[in-house]
Every structure is written in structure tokens, then in C-alpha cells.
Amino acid sequence: MRVSEGRVTVTVPEQPEAGKGADVFFNPVQELNRDITVAALRAYRERTPRVSTYLDATAASGIRGVRAAANDWETTLCDIDDDATALCEQNLERNDLAASVRRSDANVLMHSEAFDVVDVDPFGTPIPFADAAIQGTKHLLCVTATDTAPLCGAHFESGVRSYGAVPRNTEFHAEMGMRVLLSAMVRTAARYDIAARPILSHATKHYARTYLAFDHGAKVANDCIDELGYVHHCQHCLWRDHDYGLIADPPEECPVCEKHLQTAGPIWLGRTCDPDFTDAVAGQITEEMGTADEATELLATLGAEIDTPTHYDQHRLCKRWGRGAEAMDAFIEKLRDAGYAASRTHYGGTTFKTDADVVAIREATAE
Ligand code: SAM
């Protein structure tokens, strides 16, 4: 079947249910991810004009790399599968574009060659590619993870094994997953004296996606490690707090309801997006993109999210409090009127971030 995205048209095999068993994988739902990738590549090149090379490390049909090539990146498409690389060649030719196609294990390629920008979009966890990708990236590493159950603690042991952190299945699960992923990437980069700092991250549908800008040196890598820490969370009243450092120091019990607290970490507690870069990416969303409206809305929400490591869901809080929910704008305005910072989040229509704790939120938003 033919698929048009952005400036290109590619051929992809008909996909059996959820893409499983197809000769070459293609997921139309990831168009938003790919549109934002193209916009991020454009914004990143404006910010860092010397960058020119892009590796689509797990290319499948090549749609992502073909789109990068159509945006004048000196592109390499890599896949371990013969059918995939043959399709990459065809899709480049169909669009009259030149790029290098490699049938290789991406880990072998990334260990032997470095690219300005590397994109790892594998099945499930990106961790098997993390070490090589960090060594094969000069400036920007783009990573997708689709193993949301291990990341957010729903598959606890698997999350611990893959990410070397304790994930907890909280009501802010998508953000938990994002911060567990970021923690693992930051710690892996730090092993090579590299600071990997997220400049754009979003958790959308069944995946987490992040763009990590690299800075080299032991000191900056240490600064990144300093932004790791723990979140302590009460499943009963939904109170939570966080502390920085690699040794967890949880309160003995929830200070509000005195129930048991769960601790997750080490997770990334720092910013998940650079608001200036996020605005620049929004400025690079163009009308030929199929998800332009959705991407623009997502990036606007991301850019306005306040910088706290967890978020709340108004509906869940109100249910606990035995109270009816209200319109989000009015709810957020009440928090601001009471002197707190507050914003919506991209994690869901009824979610918000604030610097108020759960007791203050309840008081500030009472009738
Ligand atoms: N990036 C693609 C897109 O946007 O449509 C989707 C990639 S698909 C989820 C994952 C691809 O990774 C598959 O085509 C698979 O053959 C490839 N792959 C799996 N292990 C690999 C490895 N070690 N090296 C290179 N490619 C690999």
C-alpha cells in the first residue's frame, strides 16, 4: 500500500493486526511521532547549523529516514532485515532521493561510525541499543520506547531489569515511564562522560519519545546525574514528594494520611523539555504534515507545562475527595488565584501540574 507523509510517498506492506508478522513493519499511528521528528530535525539544524548527518538506525520501511532525506539531511538508513533495507532502497528511489542504506545490526554500525543525529525507534525497549547509540551520536539522540508496561511499573520486574531503576505503577504512569527511560539514558551516557539532556519529550498513545542533546565532559555528565532522584508516592491520598540524589531517603509514612509510601527511582527529575526548543519545533510544523493540528496542540501544551516531576489527574483527585470534577480551565485558575503555579499537561485532558501539594490543591479548588 502507498502512504504519503509530509513531502514523501512510500510503499509499505499491508500490515496484519498491530503490524505483527508483516514482512516489514509500518505503524500509521506513529505519523505524529514522525511529523514531530521532522520538525525537531529542522529546529535542531537551525539551532546547530553545522549538523548534517542523520542515522535512522532501525528503519523498517525507511519512512522516517526518507522524510529526513527529503529535508536535506545526509541520511543513512539501517535495518538488520533484508526485506526492510530492500524496501528502504525502493522508497528512496520512488522519491528521487539519495541516501546510504545499510543492512546491518545497528549496534555494529553505531559502534563503528558516528552521526550528528541518531534515531532509535525499535520494537519495545531501546535499551539494547543504548550503549552503541550513545557512542554513535555526536549531538542529538532521538529515542522511542514502546514498552510502556515495564517503564511505568505495570510489569515491575521487567522494568527493573531493563532500566536499572524501580518503576512504580502510579496514577501519573506515563510520566513515570518517561522519567524511568530518561534516567536510564542519562546514566548510560554518563558512563562515557556525556551529558544527555532531554530537550523535547512526549508520552503519546503507547510510546515515549525523547530527544537528548549531548554535551561532552565529566563535569557536565555529573551535573546530569545530579538531576536524578526518587519520587515518594502515597497510593491512598495521592500525596507525593521527590528528593534528589542516588540514595533514596523516603519519609517513613505519608505525612497527610500516615499510610505506606511507595518509592520509585532513580528517575530523571529534571526538565523533560526545553521550552525554547519546543517552541522552535512548533514553528517548524508545516501544513503538509498529516498531524499538523495535533502536533501543534501537543507542542503548545508541552511548552507551557510547568517544571515538576509528577502530575495529577483532576478526576482521580475529585473521586478520592467525593467531589464532582469541574472544567479544567476553571480548576487551574483556582490554583493560580491561590498563588500556585499550575498548567495543563500533555499526559491527558484532565491532568495538570502544580507546585501545590495535594492538601493545598484540595483547599485551593474547594467551592
Ligand atoms: N522507524 C520505523 C518507522 O518509523 O516506521 C519503525 C521501526 S520498527 C519499530 C523496528 C525495526 O528495527 C524493524 O524493521 C526491525 O527489523 C529493526 N531491527 C531490529 N533489531 C535491529 C538491529 N539489531 N539492528 C537494526 N535494525 C533492527
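We number each residue from 1, going along the chain as drawn.
Even glycines carry a Cβ here, placed using N, Cα and C.
Given the structure is predicted, the values throughout are model-derived calculations rather than measurements.
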*Quick one: which of Arg45, Arg47, Arg64 does TrEMBL put in the S-adenosyl-L-methionine site with Arg34, Asp79, Asp105, Ala106?*
Arg64
*Could you check which of the binding-site residues Arg64, Asp79, Asp105, Ala106, Cys257 have their CB within less than 6 A of ligand 1?*
Arg64, Asp79, Asp105, Ala106
*Mind checking which of Cys234, Cys237, Cys254 has the fewest other CB atoms within 10 A of its CB? They're the binding-site residues.*
Cys237
*When distances run from the Cα of Cys234 (Zn(2+) binding site) to each of the binding-site residues Arg34, Arg64, Asp79, the nearest one*: Arg34
*Have a look at the binding-site residues Arg34, Arg64, Asp79, Asp105 and say which one has the shortest Cα distance to Cys257 (Zn(2+) binding site).*
Arg34
*What residue among the binding-site residues Ala106, Cys257 has the most other CB atoms lying within 10 A of its CB?*
Ala106
*asked:* Can you give me the Cα-Cα distance between Ala106 (S-adenosyl-L-methionine binding site) and Cys237 (Zn(2+) binding site) in Å, rounded to a whole number?
replied: 46
*Sparsest Cβ surroundings (other CB atoms within 10 Å) among the binding-site residues Asp79, Asp105*: Asp105
